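S.K.: Sending over a structure as structure tokens; questions will come in a sec.
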Amino acid sequence: MGLSVVILAAGKGSRMNSNKPKVLQTLAAKTLIEHVVSSVEKLNPDNIVVVTGHLKEQVEDALQGRNITFVYQQQQLGTGHAVLQALPYLKEQKVLILYGDVPLISTEVLENLVDTTNYDDLGVLTAFVENPQGLGRIVRDKFGAVTEIVEEKDANDIQRQIKEINTGIYCVHKNLLQKWLPEIKANNVQKEYYLTDIITFAKADHVSINVTHPINEFEILGVNDRTQLASLERVWQRNVAEKIMAKGVSIADPNRFDVRGNLDVGKDCWIDINVIIKGNVKLGNNVVIGANCILKNCIIEDNVRIKSNSMVDGSIIREGAIVGPFARVRPECDVKEGAVIGNFVEAKKTILGKGSKASHLTYLGDSEIGANCNIGAGVITCNYDGVNKHKTVIGDYAFIGSDSQLIAPVNIGQGATVGAGSTIVKDVPADNLAISRARQRHIDTWQRSVKKTDK
């Protein structure tokens with residue numbers, strides 16, 4: 001089955017009050033038009049044509065690297081005029097026409113429209129909605145056949161009562177478009193060339209009109225302002241949350257959970273409120289994610305606990321490990337089985353060995369820490385000399401006392417102990433105690449200063 005796709009994306013979207021085109025507003029961290037393109041790409045069309053207009057360079061940059069032909073509509077003269085600009089770039093086959101600001105349209109709905117529309121038919125996707133205000137109405141004759149689509153600005157009082165609306169999504173052969181598009185006239189209030197006029201031409205030419213409907217009403221909702229954008233964001237997120245819960249994951253409040261990428265989940269996980277997923281994230285079984293956590297491009301293995309207000313980015317947290325609360329795991333970390341990254345601990349480009357613990361107030365950067373180590377409160381691996389980063393290596397079973405600074409590059413041997421408050425600048429041999437601090441003195445003649453008082 002041959003198929004071409006036309007996506008109309010020339011609109012300015014003035015109600016957005018934005019410096020970028022409407023189709024480049026984001027929903028779930030993807031632009032509106034990227035959502036649409038992703039849905040149609042799954043149909044494996046022969047070509048995709050995007051009709052641009054306002055700030056066309058921005059739209060082209062956003063879709064760079066995809067197999068798309070861009071066509072510029074210099075004057076905004078309506079949807080019929082927009083499709084006419086794309087006509088020379090279409091193959092002699094079925095053409096699917098849709099909009100770049102309808103982000104939740106599913107591949108399944110589009111596929112049904114294409115599959116049920118014969119080569120000599122006109123396929124129209126319509127929907128029944130409770131509030132059709134602002135939308136084009138589907139007018140039918142007494143036999144139920146579609147006769148025309150009337151835009152609200154051109155509709156009479158009776159037509160405005162109609163609940164069946166035009167979604168603006170069509171499937172029609174290029175040969176019919178070549179005949180009909182030049183015949184469209186701007187005989188309307190807006191003085192624009194409406195694509196909806198092809199319904200009238202189809203009736204006149206005795207072309208069958210195939211009508212299909214979406215699975216869910218939200219799939220055909222467009223975005224014209226930021227209020228509608230926020231509303232569709234919640235619809236999208238709720239839909240994603242329900243799919244995740246169906247896989248065996250408990251979400252404390254689906255209305256306070258955001259996926260801005262892809263989430264692969266195991267079973268019996270628990271996700272608390274205000275958790276944000278970014279990029280590609282994988283959760284194992286029995287994972288617990290506390291409130292207000294952000295997970296980005298990471299792997300969380302079985303039985304891990306990510307406590308509240310923690311961030312994990314570009315890292316792997318191994319089975320049974322604990323992160324947080326208030327912890328930050330930056331890219332290229334590997335937190336091994338049963339290890340602990342505790343409260344107010346930051347780690348970057350660090351391996352924390354199996355069973356090792358950094359429980360509080362610590363910075364671990366460019367570090368390789370062995371198994372069963374204890375990293376005390378306030379420990380800092382000083383990895384930056386002002387120009388280059390250097391590595392700290394800590395052997396198995398080492399004990400690093402609180403408030404110690406390890407000046408990289410430095411090696412702490414297996415089983416070594418660093419006394420609290422030390423500044424370590426040289427390698428520490430295995431099983432040695434290293435202390436580097438001033439000797440404690442008691443000055444019995446010292447007197448505390450007394451606050452002066454005005455006389």
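Cβ atoms are placed via backbone N, Cα and C, with glycine included.
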S.K.: Going by Swiss-Prot, Ala377, Asn383, Tyr384, Ala420, Arg437 bind acetyl-CoA; tell me which of Ser356, Ser402 is listed for that site too.
M.R.: Ser402
S.K.: What's the CA-CA gap between Asp101 (Mg(2+) binding site) and Gly78 (UDP-N-acetyl-alpha-D-glucosamine binding site) in angstrom, rounded?
M.R.: 15
S.K.: Excluding the flanking five residues on each side, which residues at least 6 beyond the ends of the region 'Linker' (227-247) place their CB within less than 8 Å of a CB in that stretch?
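M.R.: Same-chain residues near the region 'Linker' (227-247) but 6 or more away: 16, 25, 27-28, 103-104, 218, 221, 254-255, 257-259, 263, 265, 267.
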S.K.: For the region 'Linker' (227-247), how many residues does DSSP put in helix, in strand and in coil?
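M.R.: So the region 'Linker' (227-247) is made up of 20 helix, 0 strand, 1 coil.
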S.K.: Between all pairs in Ala377, Asn383, Tyr384, Ser402, Ala420, Arg437 (listed as acetyl-CoA binders), what's the biggest Cα distance, rounded to the nearest Å?
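M.R.: Across Ala377, Asn383, Tyr384, Ser402, Ala420, Arg437, the two farthest Cα atoms sit 22 Å apart.
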S.K.: Around the C-beta of Ser402 (acetyl-CoA binding site), how many further C-beta atoms are within 10 angstroms, looking at every protein chain?
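M.R.: A 10 Å sphere around the Cβ of Ser402 (acetyl-CoA binding site) contains 17 other Cβ atoms.
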